[in-house]
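According to Swiss-Prot, the transmembrane segment annotation covers 4-24, 40-60, 88-108, 138-158, 201-221, 272-292, 300-319, 324-346, 410-430, 456-476, 481-501, 584-604 (among others).
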Amino acid sequence: MNLLFFSSLLTALIILCIPLLLSFTPYYKLENYPHHVKTMIMWSFIISLVPMLSFLNGGVEATVTNWHWFTTQTFNLSMNFKLDLYTIMFLPIALLITWSIMEFSIWYMSSDPKINQFMKYLLIFLITMLTLISANNLFQLFIGWEGVGIMSFMLIGWWHARTDANTAALQAILYNRIGDIGFILAMAWFLIHTNSWEFQQMFLLHTNLLPLLGLILAATGKSAQFGLHPWLPFAMEGPTPVSALLHSSTMVVAGIFLLVRFSPLLEQNSTALTMALCLGAITTLFTAACALTQNDIKKIIAFSTSSQLGLMMVTIGLNQPFLAFLHICTHAFFKAMLFLCSGSIIHNLNDEQDIRKMGGLINILPITSSALIIGSLALTGMPFLAGFYSKDLIIESLNTSNTNAWALSLTLVATTFTAVYSTRVIFLALLNQPRFSPASSINENNPLLINPIKRLAIGSILAGFLLTSYINPTTLTPTTMPPFIKVTALVITILGFILALELYLTTNNLTLKPHSQLHTFSNLLGYFPLIMHRKPTAQNFFLGQNMATMLIDLTWFEKSGPKGISSHQLTILTSVTEAQKGLMKIYFLSFLITPPIIITLLLF
């Protein structure tokens, strides 16, 4: 069984590398290279099911050391792979979602002359994420961490002729640099105090708040928590397949996964858990509130990602790392599907992204619309869809834990907001009369478009049930929970639906009035980009200008530099020159002063 486990896992990873090796051959320039990449990922997914089923049957974890890297005094560094529950379960999920996105990309990017390079970048994006997931030491994890960061920069700015895409790519890399500072400082602390970067050695150490703060900062940047969140909504400026892969199973969940990996240390420090809880609660409410008034369909879905990441951070703060990982897995299915559905709509409507200019699509794009409804319902936590099995457990854990009641309240309000903006997308984009140009050529009869969406729709329906049925600790149902707590998540979700429906029916025929301050606050993202991107930039510019002109130019050149020396010399020369005017009284005065000075010097 072990031989089958390791050989199948190694085969799945090797197959992923074949398209990368082909990129150095003439085959890379052929038209069927994208299809080859898609096929390799499909076979890799099928083979990865073997170790997953083997793990579910035996439940044996393993650590594999493939290559000893180097040794410096007492510090050893090897290429280690940690094959535990998180790695084995996430691998087929990531491969299935990437397979679907790759197939969708062949249709979506068919007119792009560099589609081969685009597919290669997506594949590298996946490989770096799998490197991060399977790493057994911090250095290897850091390679995957930086890999997903640089690949997100390359892919978000894929359409580099667009200013918005370049700005979004720069935002992503700069905000993540701030988080990387925390990661590097945590690595340095662990190296100094444990002389090792392997997880097994670090987890033996008595917990300390400093490295945990660095890890939380790293997760805040990578998973777009409040304060370092503005890059995520703007990351949708890249092609839709990039958004689907980035928001579902790669970049943004890396920060949460980092904290899941370090849960043995986090659970020993209540301060770090409280920080994660409060940070996640603020993030999930703020981003859900921002999503309420957005009109760009991709931006709404992007804000929903940030809100769900906040919910995962809340789960980390509750010391429930497995529930956070479960929500990562279920969220990946319907979030990827939501982005693919939005890409189908945008592509068919000639790049129109405003939901106010859509409508009636359920009759024109029935498969896409049905999948969008399934994804929206799964996002809200509707029973028996994928999101319900993880989201309901998180709300139950919040209700039954002795934690900050404000965090619980904020999370419940954010859950209601999720139902509101999901319903708003369904009503404006899919129902009622069409509000787009009749010249749009709409057609979804393409297997490259329909098959990925169908595949992810099935996953959005069944993934939660399958994951919670066969994996501990969710297989045991708690029996001591009061009924009113058990149905809390469902009640607030239904309230959100009712609220959205009432608001839509009430305001449908009303004349437009100037927006309220709350609407403006939500629509402008809490003024956060305005404050953080303009004010500090202007202050730094003026500070740098003043330092350059006042301190450097004025002080160095004018006061103490060449001009300063010449001005001082000029003063002395002027005094000496004025003393030599040819007046007899000045000569007699100097004659009288000179002898006393000479006598004084001789005596003392």
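All positions are counted from 1 along the displayed chain.
Note that Cβ sites are derived from N, Cα and C of the backbone, with glycine treated the same way.
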For the transmembrane segment (88-108) and the transmembrane segment (481-501), decide whether they are in contact, meaning at least 3 CB pairs lie under 8 A, counting pairs 6 or more apart in sequence. no
Spell out yes or no: are there three or more C-beta pairs under 8 angstroms between the transmembrane segment (481-501) and the transmembrane segment (410-430), with each pair 6 or more apart in sequence? yes
The transmembrane segment (201-221) vs the transmembrane segment (272-292): 3 or more CB pairs under 8 Å: yes
Any chance you could find the range in 4-24, 272-292, 410-430, 584-604 with the most Cβ pairs under 8 Å to the transmembrane segment (300-319)? 272-292
Beyond the flanks of the transmembrane segment (410-430) by 6 or more, those residues with Cβ under 8 Å of it: 280-282, 284-285, 288-289, 291-292, 294, 297, 300, 303-304, 307, 310-311, 314, 345, 355-356, 358-362, 369, 372-373, 376-377, 379-381, 391, 395, 398, 488-489, 492-497, 499-501, 503-504
